[in-house]
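To keep things clear, I will list the structure first and then write my remarks on it.
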Amino acid sequence: MTPKHFLDLSDLTAHTVRDIVDEARHRKEARAGLPNGTPDADQPLAGKLLALVFDKPSTRTRVSFDLAMRQLGGDTLMLNHNDMQLGRGEPLSDTAKVLSRYVDAIMVRTGPHENLTELAAEASVSVINGLTAFSHPCQILADILTIEEHRGPIKGQKIAWLGDGNNVSVSWIHAASLLDFELHLAVPENFRPPEDVLSWAAERDAKIVFSNSPEAAVDQAIAVNTDCWVSMSDNPEEAAARAKAFEPYRVTEALMNLSDNGVFLHCLPAYRGNEVEARVIDGPQSVVFDEAENRNHIQKAILLWCFEG
Ligand code: CP
Ligand code: NVA
């Protein structure tokens, strides 16, 4: 049987994305009040083993997938790239085939997106994208769950993205195409998301709007998103040039006041004083820690979708 991979939201239907977000919300509600280490009553993934492969750092993705698998009754193996033969040049294709003999699913965080797609092509178990330089689909489903908890259904709403047209913004664009909300981006000209992603969205009549100012992007938005100025796959030597380009796009209290009492989201890690003022991320409109918690609930729904056959 061909495994179900979770590589990008653009591979999924609107129905699947809606089901995953709803399943996460129901499971979250069903275990309210239980200690984090206590499994869900039904333990639907008992006997299943998930490998977590990292060749980039992670706090949230690492812990939330580990926790998610335990709460579903399954188990995990934490594998760091440099501790594996991968780090010495063993081919990804051989690694995919070998891991498929040992575990029941693989989550991978890597730089080049091609590493992810190659692993998926060669694996005979489900592969999940835990972030690449191109996209971060698990994150955006957690963000949608968070926005809907605070502001109700996302359909038809205005969502703002400020700063870098990076991996997180790509998954937001994919989501906007599926769930029919307006995504307003204010990004510097040289840091637009990839043009093929924008064409893909345009072909699907997605409501992607490039605003010529951060003010226009956040005006009456119900949620304001940003991300760090230098991502893990970016060249650190470009940090100064990036800082110069992104400084006008910092999320400030004055900008948040233009929103429709919008919630502030950030996938984290955040750099206070760079992409966001401390009083915004630590202020009353910030939902970043609900967002981080929701990574766990969403990972569970993603895992269940992969395993449901
Ligand atoms: N948001 C996110 O993916 O965080 P980590 O890099 O800590 O996993
Ligand atoms: N855009 C960031 C997200 C981190 C979770 C990065 O790729 O480093």
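Cβ coordinates come from backbone N, Cα and C, glycine included.
The average pLDDT computed for the domain 'Aspartate/ornithine carbamoyltransferase carbamoyl-P binding' (4-149) is 97. Per TrEMBL, domain 'Aspartate/ornithine carbamoyltransferase carbamoyl-P binding' is recorded for 4-149.
What TrEMBL records for Ser58, Thr59, Arg60, Thr61, Gln85, Arg109, His136, Pro137, Cys138, Gln139, Cys267, Leu268, Arg295 is carbamoyl phosphate binding site. Under the DSSP three-state reduction, Cys267 (carbamoyl phosphate binding site) is assigned to coil, being neither helix nor strand.
Sequence annotations record features per position, and here TrEMBL assigns domain 'Aspartate/ornithine carbamoyltransferase Asp/Orn-binding' to 155-306.
For Asn167, Asp227, Ser231, Met232, the entry in TrEMBL reads L-ornithine binding site. Taken residue by residue with DSSP, Ser231 (L-ornithine binding site) is part of neither helix nor strand, so it is coil.
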Which one is closest to Gln85 (carbamoyl phosphate binding site) in space, judged by CA to CA distance, out of the binding-site residues Asn167, Asp227, Ser231, Met232?
Met232
Residue from Asn167, Asp227, Ser231, Met232 whose C-alpha is spatially nearest that of His136 (carbamoyl phosphate binding site), among the binding-site residues:
Asn167
Among Ser58, Arg60, Asn167, Ser231, Met232, Cys267, the binding-site residues in the record, which have a C-beta under 6 A from ligand 1?
Ser58, Arg60, Cys267
Could you list, ordered by sequence, which of these binding-site residues: Arg60, Asn167, Ser231, Met232, Cys267, have a Cβ under 6 Å from ligand 2?
Asn167, Ser231, Met232, Cys267
Under a criterion of Cβ-Cβ distance under 8 Å and sequence separation of at least 6, what residues of the same chain contact Ser58 (carbamoyl phosphate binding site)?
Arg109, Gly130, Leu131
